[in-house]
Amino acid sequence: LGRGPAAFTATDPPAPVWVPSGCRGAQGRFAYKLLHDLFANYSSALRPVEDTDRALNVTLQITLSQIIDMDERNQVLTSYLWVRQAWLDAHLTWDKDAYDGIDSIRIPSSYVWRPDIILYNNADDHFGGSMETNVVLRSDGHIMWDSPAITKSSCKVDVSYFPFDGQRCHLTFGSWTYNGNQIDLRNRLDTGDLTDFVENVEWEVLGMPATRNVITYGCCSEPYPDVTYTLLLRRRASFYIFNLLLPCIMVSFLAPLGFYLPADSGEKVSLGVTVLLALTVFQLLVAESMPPSESVPLIGKYYIATMTMITASTALTIFIMNVHHCGPGARPVPPWARRLILHHMARLCCVYEVGESCKSPPRELGGRAGRGDAGGPGESPGEVEVGTEAGGCPRDHCLCHHDGLLRNIGYIAGCFRRHRAAQRRTSEWKKVAKVMDRFFMWVFFLMVFLMSVLVLGKAA
């Protein structure tokens, strides 16, 4: 290069190599002759060994290409696999020098004997096997058969920690008719090939170890070897966290606010029932996708616990509303309830009347009101009479001291005292209901927080 006027530059294409036409056609003629010579007296029905008492070694290698679907309810894993099988056919050997150096040929797999390796835990109703792809036949008799297959295998699904669960799905391959004395099945590698795996949006593949097992079944006395690939899967929980778990947590924190609603609003019970119905819908969504097994999913346990808590809060709300609307005919607040609820719990929950605060000293209930009933407009007839006598009004010349008028004034004063006593009892019962509302609101807030922390902690 670089010498003379006919020199090539670096950008010039290389000159094509000229091959005589006879040499180009020689490979094709020898390939046809080789195919005719190999299969002239060959039968694909018999096991290709020189000694029928010796086992034929078959190696198996599985490449996981894609996880198509994981049906948790029916416990079926649909996967796309590349299955590679290799064995030695003693009847398909040739001298490559006698056939113009042909070392390997590719022929349809139906031409040669093939081991009946199937998936033992197949869950497909059609029993679809591998595709009829070509096999690579070498001059020393080694055959390599690569075929893609879409398999449906049964997989025991454990949803105890759903949606933070992991699954172990087994793919067991073995010969259906040949025992271990006829075919010695072995795995080529200690693990499945994941180099060409297409990432799945729902499942993360952690590994695919392979183990060889030799099992003697009850039907036969001969051993049957198989190769089991264990697919280790872990669920990607982001979708379920944002669509099932977080809405449930938010609805759960909304439920205790029903205790904060005023009792006169009429929405306390309806809020609890609405939250309960919302959680029931979420529970049904989870139940539709889970298998009907005895193991309850973790999120299902959280739903059930939350629904139980909301049911209890609704029942307590009904009881507290009954206390709030007890009416003027109710009995006075018992001393123990007055001391426990109106004194201690009221200050603990910061429930106070207008003009009071959490730091105000406790007011003696009943003393001031009792004194107010005796004075003012509700004075007794005796006090009026004493005051009249002190004023020096003569009984015989004052019309205000007539017996009928005194009886009417006494009746009015008694009604006023009874009305004030009823109002005092009603206000006390309303305050009891308000204190109980605030107390249970904080209790249920704490329960929701603890349940959420326990669920997330157990999942982690």
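Positions of Cβ are set from backbone N, Cα and C atoms, glycine also.
Annotation source TrEMBL lists compositional bias 'Gly residues' at 367-379.
Averaged across the domain 'Neurotransmitter-gated ion-channel ligand-binding' (32-236), the predicted model reaches a pLDDT of 90. The domain 'Neurotransmitter-gated ion-channel ligand-binding' annotation in TrEMBL covers 32-236.
Residues annotated as domain 'Neurotransmitter-gated ion-channel transmembrane' in TrEMBL: 244-454.
Residues or ranges marked as region 'Disordered' by TrEMBL: 363-388.
Taken from TrEMBL, the feature transmembrane segment applies to 239-263 (among others). Under 8 Å from some Cβ of the transmembrane segment (239-263) lie the Cβ atoms of residues 162-163, 202, 269, 271-272, 275, 278-279, 282, 285-286, 299, 302-303, 306, 309-310, 313-314, 316-317, 320-321, 324-325, 430, 433-434, 437-438, 440-442, 444-445, 448, 451-452, 455, all in the same chain and six or more residues away from its ends.
What TrEMBL records for 269-290 (among others) is transmembrane segment.
The transmembrane segment annotation in TrEMBL covers 302-321 (among others). Residues 245, 248, 251-252, 255-256, 258-259, 263, 268-269, 272-273, 275-276, 279-280, 282-283, 286, 296, 433, 436-437, 440, 444, 447-448, 451-452, 455 of the same chain sit 6 or more residues outside the transmembrane segment (302-321) yet have a Cβ under 8 Å from a Cβ within it.
Proximity of distant same-chain residues to the transmembrane segment (439-457), defined by a Cβ-Cβ separation under 8 Å and at least 6 residues beyond the stretch ends, is recorded for 245, 249, 252-253, 255-257, 259-260, 298-299, 301-302, 305-306, 309, 313, 316, 320, 345, 348-349. TrEMBL lists 439-457 (among others) with the feature transmembrane segment.
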